[in-house]
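Undergrad: Mind looking over this structure? Questions follow.
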Amino acid sequence: MVGGNASSVTDFILVGLFPEFQHSIVLNFVVIFIYILAFLGNLLLIVLIWGDSRLHTPMYILLSQLSLIDLTLTSTIVPKTACNFFTGKRTISWIGCGTQSFFYLMLGMSECLILTLMAYDRYVAVCIPLRYLTIMSPRFCLHMVAGCWIGGSIGSFIHTVYPMHFPICGSREIHHFFCEVPVLIKLSCEDTSVYQLVVVVTSIVLLVVPFSLIIASYTLIFLTVLRVNSVKGRKKALATCSSHLTVVSLFFGPNIFIYMTFASSHSPEQDQALSLFSNILTPMLNPLIYSLRNKEVVAALMKLMGRCGVS
C-alpha cells in the first residue's frame, strides 16, 4: 500500500454479493436479470404515464416519480456490482464510493417522501373527494415532487460527507456489494456511536414518521370505505390502496431494520440480504404491483401495444 500509487491508498474494496456463496456466478446473473426487468418495467411505466393524457393526474405523476427513483436506484448499484464481479476488479475509489452513497441515500430519502405523498393523495381522493381537484392541483403536485427531491438531496449530502471523513486505520474492505453508510462506518477506527445515534434519529424522522402518517392515512381511508354503499366503488378504492400498502411494506420493513438498529448488531449477510431485497427485488416488483391491479395502467398498455401493432 505504501509503495503503490495515491489512488490505491484511498480505494475501498467491495467483497461483492455473498462472496462465500458457491454458485456466485449464477447469483450475479440472476441479479442482472432482475435489474434488466426492473429497469424495463419502470421505464415502461414512466412512458405509459407520460404518454397517456388520461394518466396525467397527481396519483400517476407521483407513481412515475416512484418508478424514476427505482430505475435510478438499481442503476446506481447493479452495474458497478456486475462490473466488479466479471472483471475481478473489486475496488471502488473514494470519490466513487461517496458518489454511490450519495445517490443511494438521496433516492431512498426521496422515496420515503414520495410514498407518504401518495398515501396523502389517496386520503384526499377517498375521504374528501369534493376538494380533491382544489387540494391536489398541478402546481401543488409539482411543488410536492420538487420538495421530495430537494429534501432527499440535502439529507443525503449531510449523511454522505460526514461519514466519508471518518478515519480508517485498518482494512478498507467493505463487506457489502455497494457503498452503504451503516457498512462504511464499521470500517472507522474512531468511536462512531454518536453518529449512529444521529442516524437513528434521522431514521425516525424519515422512516418512522412517514410510515406512521401512511398508516394513519389508510386507517381513515378504510373507515371511509366501509361507509361506502357502492360495492364497486369500495372494491376500486381498496384495490388502489392495497397496491400502495404492499409497496410501502416492502420498502419500509427492511429499511427500518437496517437504519433503526446499530450497525454493529448486523451481520454482513443480513445487510446484503436486506439490501438485495429492498434495493433490487422490490424495484422490479413495484411496476407489477401497480400495473396488474390497475385498470387505467393496463388500458394505457393495451393502447400502446395497439399503436405498435398498427405501426
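Placement of Cβ uses the backbone N, Cα and C atoms for every residue, glycine included.
Those TrEMBL annotations? Automatic predictions, nothing curated.
Pasting the relevant annotations from TrEMBL:
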type: TRANSMEM; residues: 25-48; note: transmembrane segment
type: DOMAIN; residues: 41-290; note: domain 'G-protein coupled receptors family 1 profile'
type: TRANSMEM; residues: 60-82; note: transmembrane segment
type: TRANSMEM; residues: 102-120; note: transmembrane segment
type: TRANSMEM; residues: 140-162; note: transmembrane segment
type: TRANSMEM; residues: 194-225; note: transmembrane segment
type: TRANSMEM; residues: 237-262; note: transmembrane segment
type: TRANSMEM; residues: 274-292; note: transmembrane segment
Undergrad: Where, among 25-48, 60-82, 102-120, 237-262, 274-292, do we find the most CB pairs under 8 A to the transmembrane segment (194-225)?
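TA: Selected stretch: 237-262, with the most Cβ pairs under 8 Å.
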Undergrad: With pairs 6 or more apart in sequence, are the transmembrane segment (25-48) and the transmembrane segment (237-262) linked by at least 3 Cβ pairs under 8 Å?
TA: no
